[in-house]
Amino acid sequence: MGVTAIYPGTFDPITHGHTDLIQRGARLFDRLIVGVAANPSPSKAPAFAVEERLELARTALAGIDNVEVEAFTSLLVDFVAHHEAQVIVRGLRAVSDFEYEFQLASMNRQLRADVETVFLTPAEQYAFISSSLVREVAALGGDVSRFVHPAVAEALRNRVRRVP
């Protein structure tokens, strides 16, 4: 059956940094499931509803045959078990990401010892991109087309137009 990996996140919205990691992960694993967290932590209320984030991710990732996009509401390790995945993929943009990601990986290992966490770093041109920065630039009327898929840029423009 091959190796199944899960790449979890809020993807609020999905950026070129995410898609870079997903494309590279798709080459490493037989099946890569992009797990969109439907209920992220209360301190991280999403700007886009889960249905919108799923649609934008599917649009941005169209054409990558071994990638699926699915929402999840459970603990990540339960989502991993449900899909019989062996690997969790996480991205590291900078050294500052490492401490938090290391803690998450350690907790996941305590909860499910048979699942490995693999860290990937983005291509240099994407290392500074984050969903929150993209949302902020868009909210202030900036052009985010270099950082996201055209459908995402349009969704952000539409969101800005709705805000009084």
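Using N, Cα and C of the backbone, Cβ positions are placed for all residues, glycine too.
Record features, source Swiss-Prot:
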type: BINDING; residues: Thr10, Phe11, His18, Gly91, Leu92, Arg93, Glu101, Tyr126, Ala127, Phe128, Ile129, Ser130, Ser131, Ser132; note: ATP binding site
type: BINDING; residues: Thr10, Lys44, Leu76, Arg90; note: substrate binding site
type: SITE; residues: His18; note: site 'Transition state stabilizer'
So of all those binding-site residues, Thr10, His18, Ala127, which one's Cα sits nearest to Leu76 (substrate binding site)?
Thr10
Between the Cα atoms of Glu101 (ATP binding site) and Arg90 (substrate binding site), find the distance and write it as a whole number of Å.
8
Measure from the CA atom of Lys44 (substrate binding site) to the CA atom of Thr10 (ATP binding site) and give the result in Å, rounded to a whole number.
9
Rounded Cα separation (Å) that holds between Lys44 (substrate binding site) and Ser131 (ATP binding site):
12
Let's check the environment of Glu101 (ATP binding site): how many other CB atoms sit within 10 Å of its CB?
15
Please state how far apart, in Å and to a whole number, the two most distant Cα atoms are among Thr10, Lys44, Leu76, Arg90, the recorded substrate-binding residues.
18
In whole Å, note down how far the CA of His18 (ATP binding site) lies from the CA of Arg90 (substrate binding site).
10
DSSP secondary structure for Ala127 (ATP binding site), reduced to helix/strand/coil, please.
coil
Going by DSSP, is Leu92 (ATP binding site) sitting in a helix, a strand, or coil?
coil
Residues that sit under 8 angstroms from Leu92 (ATP binding site) by C-beta distance, when 6+ apart in the chain:
Phe98, Glu101, Phe119, Leu120, Thr121
In DSSP terms, helix, strand or coil for Thr10 (ATP binding site)?
coil
Fewest other CB within 10 angstroms, which one of the binding-site residues His18, Lys44, Arg90?
Lys44
